[in-house]
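Q: What follows is a single structure, and I will ask about it in a moment.
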Amino acid sequence: MADHQTYYVPEQSKWPIVATVGLGVTLYGAASIMVNGNQGESTGGSWFMFWIGALIMAYMLFGWFGSVIRESRAGLYSDQMDRSFRWGMSWFIFSEVMFFAAFFGALFYVRVFVVPWIGGEGDKGSTNMLWEGFQASWPLINNPDPQVYQGPKEVIGPWGLPLINTILLVTSSFTVTIAHHALKAGNRAKVKLWLAATIALAVVFMFVQGYEYAHAYGDLDLTLQSGIYGSTFFMLTGFHGAHVMLGTLMLFIMLVRIIKGHFTEDNHFGFEAAAWYWHFVDVVWLGLFVFVYVI
Amino acid sequence: MRVHAKRAVALAAGLLSPAVVMADWTMNMAPGVTGTSNQIFSLHMTILWICVAIGVVVFGVMFWSIFAHRKSQGAKPANFHENTVVEILWTIIPLAILVAMAVPATATLVEMYDTSESEVDIKVTGYQWRWRYEYINDDFGYFSSLSTPREQIENRQAKGENYLLEVDNPLVIPVGKKVRFLLTANDVIHSWWVPEFGVKKDAIPGFINETWTRVDEPGIYRGQCTELCGKDHGFMPVVVEAVPEEEYNAWVAEQRAAAETERQLTEKDWTLDELMERGEKAYASACASCHQPDGTGMPPAFPALKGSQIATEDMAAHIDIVVNGKSGTAMQAFGGQLSEVDLAAVITYERNAWGNNTGEMVTPKEIFDYKNQE
Amino acid sequence: MSSVADTHSQEHHHGPAKGISRWLLTTNHKDIGSMYLIFSFAMFLLGGSMAMVIRAELFQPGLQIVQPEFFNQMTTMHGLIMVFGAVMPAFVGLANWMLPLMIGAPDMALPRMNNWSFWLLPCAFLILVSTLFMEGGAPNFGWTFYAPLSTTYGPPSTTFFIFAIHIMGVSSIMGAINVIATILNMRAPGMKMMKMPLFVWTWLITAFLLIAVMPVLAGAVTMMLMDINFGTSFFDASGGGDPVLFQHVFWFFGHPEVYIMILPAFGAISHIVPAFSRKPLFGYASMVYAVGAIALLSFLVWAHHMFTVGIPLAGQLFFMYATLLIAVPTGVKVFNWVTTMFRGSLSFEAPMLFAVAFIILFTIGGFSGLMLAIAPADFQYHDTYFVVAHFHYVLVPGAIFGIFASAYFWLPKWTGHMYDETLAKTHFWLSFIGMNLAFFPMHFLGLAGMPRRIPDYALQFSDFNMVSSIGAFMFGVTQLLFLFIVVKCVRGGEKAAAKPWDGAEGLEWTVPSPAPYHTFSTPPEVK
Ligand code: HEA
Ligand code: HEA
Ligand code: CUA
Ligand SMILES: [Cu+2]
């Protein structure tokens, strides 16, 4: 009962409207950059708009999360509020899972149906009439029409850098868990150490990933434009990479907050949310490793 | 004054008459002329009547309550709100009805999917906005585009009987034979539909879909493209002429001969006037839908050719864009779609029509050489 | 720290802030609910005006008032605006207003995010509508935006359209998260799951659908974005992709989306029918299970929109069977409503009129849906006006009538005044007649062979098209009457009691009318 009486409802807040303006301006700017760019027009103004929007977004993020953190530390949040945050974060992660599901679905569909059809197998095998000489294979090195989409020379094998990256991410899931247990036990020094270790692993991961991309573009001609293999490869690893960055940023903020002395043994949802997110990023990677690189 | 008034009345009457004369209140699907279309029709009627029957029962109970259980009539409410038996019943019964519907539907579907043992194979390719039919066993093919005049569409002329459902070159098929269609498209997705055959299948760029039909009654059958494919989606009809076998064979022989003559025309020496005349026709059927009959286009989507730099100055660029198209735009590569003669004619036409009076011409031979040098 | 003290102290002065900042900065579920409802009605008028352009052009054969290019833009924008701008926000608005009242919560679980969800919508639609004024025109590839018409062949404004969809998606997902958190976490003590009002149940499940499929739509448009601007080949066979891939991803979103547009209406109808039958809802538990079953099945039927694209036979059969199955739980709902009315004590105020029309006309729309689900028959129906008739029957007398019914039902609670019953009944009857006149002939047109999305048609379709257009104008003009009724009701009228409908049940009727700015700061006890 007491829980319900103290459910905190902030009376007014400027952050939502700031966030709306920020997001709108950023995306409008981004769209103008692309459209003007495609038509060979100047994109200076669009970039300006994009950065203004991004700045507003950054201001909003600091402000909004800042006030949530202040409210939390002022003890305004009840257990019930905490549960709302938990539901919110869980369903948000679920929505992210479905976002990746769209791309995984695309990958499976292409591999199981489309490429064999074009190659002359299965129900729509007569399609091969249109692509004489095309042979189905995966990874797809020779595209149906190499004049339009020049295929890659080679693709990235799983057992080199990707394996290292897998080990890095799996390890980081453990280190963040150790940090969490340490936080629950009230051992702050240990939290800092293991959280910092997690972030370090994440940074190395991103570095390796960047190196791999450079290799793909520079040496293998594996690019976004190199047909469906490149398209699915970069879409999946790219969006995953972006999520790693976001997750790392979250963990970093948690580290700063720990250093500042935020959180208690039994009240540290911000930390847990970041950890959940990190595990999610890790699981997606495992899916990627298996379906994009290995199989 | 009077004359004008009379003319106006005559025009108005002309414009309105089809609507009045042809008042048509067709309400149901046509059974069609093939086995498939008849099966579909009977499926359609069966389900329709099942739905009507269920509707009568459900709405019957409802209307009974509305009339008999009104508060204003002093109805006192009962208080029941559950009954497991009834609830199970009205789960099971609809389920059974559905199973009964699914059985014939499955049988029909399996048959529709069986494209084996065809006697004639025709490749149908959708273009923005016309169809190309290729008789793959007989080595000829042609385009089929809307033949309704612009004037009728823009209400400047009374509409004809087959308004929007008429083409220059219909597809011709023999009666009584299994005809297999291999459907694909050149640009966006189209869908090839002839209601009376019960055949509708999407034409997808880069892929081939198969479907088939066997028509038993000779006749002219009309349908339309049914997948939104851009501006003139509503203006790409399908017309099929089903003819007796001898007639069909004769027609095929004629087409093959015509294809041969066409190839020879490339060799002929053409004059500017001849090319202009032919070019005007080719332009009207292939290019005018985008660049407009008067060459003014519809900027910014479709550039004007009248006074355009490419069409008045740089001949090489002109040939290039018409033969190879421009990827990523609606301007297709016409090199494979039109004969050398038509390409030469259309380019010549564009360079001399609408005040683009360059006086330059390009011959079919030159186009032939251009294509083969690459 | 001082700012914290500020916000904290604000908690004590009740009642809304003054001026525009009340609306811009609010965190109050009732304010946000009102904004959603007003926004959605504005979009309904906008989308409806576009439908009027369509119907005016189709009044007669021949091209009269618009060119095909623009006609396609109208069709596309009409579909998009009605679906994403009118129906979905209207239901979110109802959820905002009613969920906390129904479950005894002080507000939505995440009030600031709630406000953000709302304000993103005007932002998204500003971008979407601005494409009408861009070079090359607005999106013209249908609300289903199939590739490659929308990618390689799309107008430049497509990129803006894509970002508008992204923003709408963010808005919907956050809105849905908020709904779920509210329902799962904010119920008054004693309100067990199986005691929740049906509107709450249907919204819980709708929210789940939203979170599951809006990201998939985001994925679809993101692939488009990449194909258009970054040279990928998801939807291009020459690089090993497939245009049909787009359709699979789109309809994986699209089919659940149509249930997103109907389930909350099912919920509201399940309140209104018992209230005016003065009899408890028949089969509460089976209603809940039915909604759950519809939601789960809705993930397995998407390819029934693609029967003609040439999916392999086994797939075709699977999707046909799964689609047919949906009729079973939906039937259960219809039967339950009818049985609720059976031996009740019925009266027919405006909400009930709309509810009864809903049941009848939605069922008709469901029947035509079932006919479409028979795959071989769909080869004839697909992409004709028969489909247009089907979905307008489930959307207009379904979703839209559901919204009107809810609005009349809860207007007294929102405004504290009774609406004008005579005018409301006039609104109902004119809508009912206009709507049937507009959409019923479309069945005939489709069966006779008229394809959809065409600006001009063969002569044999003239007569029914003219009838349909007349009905559409009638229906359209009638909606201005609704606007008038609502404005009149907000500004005054007979005072409404806390519970203006004698048969109504639920917590929302225990608070005064109009509902005070803050309700249930202390949760009620539910027995
Ligand atoms: C609110 C929205 C809504 C709802 C609820 C539905 C409900 C259903 N829809 Fe519809 N549909 C759309 C919106 C909706 N649809 C839209 C927008 C499109 C077109 C999209 C586009 O292409 O632009 C579409 C298109 C569409 C198609 C594709 C047609 C085509 O393009 O060729 C199909 C095919 O199967 C279909 C089927 C169904 C079925 C089986 C139901 C079922 O849920 C209906 C179930 C209900 C009943 C059956 C009635 C009540 C039941 C009983 C009384 C029980 C007893 C009955 C029997 C046993 C028969 N719909
Ligand atoms: C919830 C969704 C919804 C709703 C409510 C409606 C409402 C209406 N729709 Fe439709 N419609 C769709 C969803 C919806 N629609 C979708 C998804 C498509 C497919 C798009 C596509 O193919 O991509 C479609 C397509 C569609 C078509 C087919 C277009 C084509 O294939 O080319 C038509 C044609 O008649 C049509 C008509 C109407 C009409 C007359 C109304 C009426 O009910 C509207 C009534 C409302 C008003 C009129 C507004 C209020 C009044 C005023 C603003 C005053 C001014 C009025 C006058 C001047 C008379 N709609
Ligand atoms: Cu071709 Cu529509
Ligand atoms: Cu569907």
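Any Cβ shown, glycine's included, is placed from N, Cα and C.
Summarising the annotation, TrEMBL assigns domain 'Heme-copper oxidase subunit III family profile' to A:3-295. As annotated by TrEMBL, transmembrane segment applies to A:15-35, A:47-69, A:90-110, A:159-179, A:191-208, A:228-255, A:276-294.
Mind running through what each feature is packed against?
A: For the domain 'Heme-copper oxidase subunit III family profile' (A:3-295), the model's average pLDDT works out to 91.
Remote same-chain partners of the transmembrane segment (A:47-69), defined as residues 6 or more beyond its termini with a Cβ less than 8 Å from a stretch Cβ, comprise 13, 15, 18-19, 21-30, 32-33, 253, 257, 262, 270.
The list of residues near the transmembrane segment (A:90-110) in space but at least 6 beyond its ends in sequence, with Cβ under 8 angstroms from a Cβ of it, reads 228, 232, 235-236, 239-240, 243, 276-277, 280, 284, 287, 291-292.
Here the transmembrane segment (A:159-179) has Cβ contacts under 8 Å with residues 190-191, 193-195, 197-198, 201-202, 204-205, 208-209, 211-212, 251, 275, 278-279, 281-282, 285-286, 289, 293 of the same chain, all six or more residues outside its ends.
Long-range contacts of the transmembrane segment (A:191-208) within the same chain: residues 161, 164-165, 168-169, 171-172, 175-176, 178-179, 182-183, 241, 244-245, 247-248, 251-252, 254-255, 258-259, 278, each at least 6 residues beyond the stretch ends and with a Cβ under 8 Å from a Cβ of the stretch.
Same-chain neighbours of the transmembrane segment (A:228-255): 65, 96, 99-100, 103-104, 106-107, 110, 114-115, 138-141, 143, 151-152, 155, 176, 192, 195-196, 198-199, 202-203, 205-206, 209, 222, 270-271, 273-274, 277-278, 280-281, 284-285, 288, 292, counting only residues six or more beyond its ends whose CB sits under 8 Å from a CB of the stretch.
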